[in-house]
Amino acid sequence: MPNYTDVTEFVLVGLTNRQELRVLFFVVFLVVYMITLLGNIGMIILINTSPQLQSPMYFFLSHLSFVDVWLSSNITPKMLENLLSETKTISYVGCLVQCYFFIALAHVEVYILAVMAFDRYMAICNPLLYGSRMSRTVCVRLISVPYVYGFSVSLMCTLWTYGLYFCGNFEINHFYCADPPLIKIACGGVRIKVYTMIVVSAVNVTYSLSVVLVSYTLIVVAVLRMHSADGRKKAFSTCGTHLTAVSIFYGTLVFMYLRRPTEESVEQGKMVAAFYTTVIPMLNPMIYSLRNKDVKEAVTKAIAKACVAR
């Protein structure tokens, strides 16, 4: 029988042990984190204060920005602390809490992207009924489902993580508490955790991605039937930003979680996770602002109003 040990804290190996790279990574990720906070909080304020952005699409986008802020804040501060610290420890309870919020927020974001795809389908394929079908009440209900489902599923997944047993190796080969590296150092309760992690990830990615693909298939069919070239261009323009965000998000998520945790996959996963938890939350507001005419006009008006106020 394995000699199970009570664990009170873990050691996070981090991205690298080289001192010069740790300082460089600290500066880079600190800048990225600050841009993430400013970009997403700015997007939320802009959407809630600009009259031209009071539509379901931007309502959902404000929630995407909200989730990105908390997703990045759940991981980045501890990573920055450990880059400058020699101990690099995290308590067992802190590790479980980090796991819980990461899984919850990842699920919420997956389904917000699916809801945004459905919203684009309703706007393009049913424009005459869009206002009544996507009322404020309907939007609130649609956005509530990802939050309730994400935090509920995360509780179940975290309980399975709590069921892992450890035999003295408390060194996590990662910069935050993630399931694959925790599974690699566990010596009990591994099988059920591996299978449930893969099944839950596969089911949720498949289901949410199906909503996205079906929505955009119907959108493409509807757009190709349009007689106006300007109408087709506008439809593809509003969908292009969302498709860009979806492609980046799902690509990294599939690479991270739809594989069995091995030494090689964990090492590769660290680089992908750094991109997923820090860079993607920074990119989302940029993607939606730089490629969206309404957002650019709202930003211009907000800047002009601020200058006049001075």
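Using N, Cα and C of the backbone, Cβ positions are placed for all residues, glycine too.
Here the structure is a predicted model, which means the values were calculated and not measured.
Annotated features, as they stand in TrEMBL:
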DOMAIN    39-288  domain 'G-protein coupled receptors family 1 profile'
TRANSMEM  23-46  transmembrane segment
TRANSMEM  89-118  transmembrane segment
TRANSMEM  138-162  transmembrane segment
TRANSMEM  205-224  transmembrane segment
TRANSMEM  236-258  transmembrane segment
TRANSMEM  270-288  transmembrane segment
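Most Cβ pairs under 8 A with the transmembrane segment (89-118) among the ranges 138-162, 205-224, 270-288 are made by 138-162. Over the domain 'G-protein coupled receptors family 1 profile' (39-288), the average per-residue pLDDT in this prediction is 85.
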